[in-house]
Amino acid sequence: MAGTSSLGIVVVVVLALIGSTQAQLQMYFYGTSCPKAEHIVKDYVKQHIPNAPSLAAALLRMHFHDCFVRGCDASLLLNSTTGQAEKNATPNLSLRGFDFIDRVKSLLEAECPGVVSCADIIALAARDSVVTIGGPFWNVPTGRRDGVISNITEALANIPSALSNFTTLLSQFNNLGLNTTDMVLLSGGHTIGISHCPAVSPRLYNSTGPGGIDPTMDSEYAENLKANKCKTASDNTTILEMDPGSRKTFDLSYYSLLLKRRGLFQSDAALTTDSTSLAFINQLLSSPTQFFFDEFGKAMEKMGRINVKTGSEGEIRKQCALVNS
């Protein structure tokens, strides 16, 4: 009897392993079901991103915000008639690129109806747009399926805040299986980022240093921001470059600015307050840019696997903003 029980357990374990293996993402998942899928995404990106390069940062940010809430399942794209979806959460109100994803989806639906997920479109478009502006390439295994739930509260709780300290940030990353180096690398996406004053105004007007300036921020940089950009604490429209002078180039200058205490967000500055994080920043800066590109790519591929839905989970949405009826 005991032997039968043990055998039963072994069979269950083997079946479970097979199931989990089948449920993993894989390269060229659509190779048979929609062979042109990845080319369609790439061609559309190459056609349009050179004319609107800032969209590369927007699509990268969209991928990040999507994966941090319910995993990489395009729950971020869902609309809510009551304003209670992820896209209605404060951190997502400044997101752009929804129309871009919708247009790619319509092309794929014309080619292969009901086959390619919105979640995979986000992941592919983010990678292809970064590559198009001269940034790193990374593998994007596919096979994600789309979620059917989108919740504003979960977005507020799980998307890292620009005002967070190191401990809070690391906890949020760790909860998703990401470590300190992943956090430093993914923050490097800010090299092509833009933001608005509300994300930094508390550091300029409501902190503990002279004039309300955050003492961990370079005073000359802070004064310049107050004089020329965020002229009042209530400004919520002025655009700020996260990597001034190098915003259109995917490079290491973001990390150089961190060491000069010129990171825009509190969460950027926080990366220099931990010894492991700081050591890795210095390693990046003392290595060829290709090392950063390679490591950033690995972190992106890892992020793109967070809590993905595969197999029979979720669905393949017909329209990215709506669950299938």
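Cβ atoms are placed via backbone N, Cα and C, with glycine included.
Heads up, TrEMBL stuff is auto-annotated, nobody curated it.
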Candidates Cys72, Cys112, Cys118; TrEMBL says the disulfide mate of Cys34 is Cys112
According to TrEMBL, the cysteine among Cys118, Cys230 that forms a disulfide bond with Cys197 is Cys230
Note: among recorded positions Val69, Cys118, Cys320, least Cβ-dense neighbourhood at 10 Å is Cys320
Between the C-alpha atoms of Val69 (Ca(2+) 1 binding site) and Pro160 (substrate binding site), the distance in angstrom, to the nearest integer, is 10
Across His65, His190, listed as recorded positions, the smallest other-CB tally within 10 A is for His65
The recorded positions listed are Cys112, Pro160, Cys197, Asp243; by CA-CA distance, the one closest to Asp66 (Ca(2+) 1 binding site) is Pro160
What remains of the recorded positions His190, Cys197, Cys230, Cys320 once a 10 Å Cα-Cα cut-off to Ser75 (Ca(2+) 1 binding site) is applied is Cys320
